[in-house]
Amino acid sequence: MTLSQFIQSPKSNHPNYVLLGHPVEHSWSPLMHNIALQHYDIEAEYHAIDVQSKELIDLASFFNRDSFLGANVTIPYKQSIANYLDSIDVSAQKIGAVNTIVKNDYQLEGYNTDYAGFTEPLQPYEFELEGASAVVFGTGGAARAIVYGLTEMGLEEMFLVSRSPNRITSYRDNRRVQIVSYENWTSFAEEALLIVNTTPLGMDPKIDSSPVRDEEKQYLEAKICYDIVYNPVETKFLKQASEAGAQMIDGLEMLIQQGSESFKLWTGYPFPINIVRDTLYEKLEN
């Protein structure tokens with residue numbers, strides 16, 4: 001539902017956490033967070049709200065409602081949401097994007113849990129990745145959080161693959177980042193240990209798409225291949241990685257881990273990760 005529809009509904013008068021973005025109808029965040037809220041008998045619900053650009057003017061009054069407890073923020077508002085916040089965490093400032101809002105004594109605090117959600121599944125490879133390099137497909141908001149996370153993990157070089165490399169200016173001050181094209185990314189793949197897809201390629205309905213052409217999949221051999229797309233979990237990119245003999249990490253783990261970080265910021269409780277994970281994978285199987 002839209003923001004105006006939610007405000008007019010009885011649900012908005014009950015304690016709520018929300019996902020703000022456009023579009024949001026296919027998000028699994030409500031399922032995930034409502035499981036966690038019910039696990040702790042917290043009297044609140046999590047709702048996905050499709051915020052139209054014309055509704056942004058209503059956000060300030062919505063945030064002031066006693067029933068509003070906190071939010072996740074997704075595209076296209078991860079940057080512009082900063083205008084409504086009282087403070088922004090240092091990590092979110094460095095990334096340039098906010099994906100979590102915490103309401104603390106009517107003060108709105110902005111955080112970014114995407115980078116922690118991304119890096120947590122990489123912890124088993126922590127020592128291998130220190131000083132290594134990565135190829136990252138995409139240069140958008142998700143890529144910014146991932147570059148920050150990989151920098152924190154100690155990766156030495158990150159090659160970001162763009163369709164318009166000459167137009168990308170946001171990484172000029174980062175000596176570890178080099179913008180490359182889809183035509184020559186394979187030149188950097190040999191030295192990379194990690195290959196990441198941050199683009200929508202492979203996401204429903206583009207399930208037959210991948211940033212890697214079939215004739216290039218041999219460059220995935222012996223790599224760690226990570227796709228942040230979670231629906232479907234086994235994307236074409238990960239199928240190519242499997243065929244090439246790579247190690248694979250799917251996007252559902254990032255979704256769960258970033259959600260875990262948000263939930264802890266809101267409630268102070270540890271996220272019931274195993275319960276949530278089992279439910280989400282069961283949903284996928286069905």
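The backbone N, Cα and C atoms fix where each Cβ goes, and this holds for glycine too.
The candidate list D41, D86, D114, D214 contains one residue that TrEMBL assigns to the shikimate site with S27, W28, S29, T74, N99, Y230, Q258, namely D114. As a whole-number mean, the pLDDT of the domain 'Shikimate dehydrogenase substrate binding N-terminal' (19-101) in this prediction is 95. A straight line from the CA of Y230 (shikimate binding site) to the CA of G251 (NADP(+) binding site) spans 4 Å. W28 (shikimate binding site) sits 12 Å from G251 (NADP(+) binding site), counting Cα to Cα.
Apart from S27, W28, S29, T74, N99, D114, Y230, Q258, the shikimate site neighbourhood in this chain, defined by C-beta within 8 angstroms of the site C-beta centre, holds L19, N72, L255, G259.
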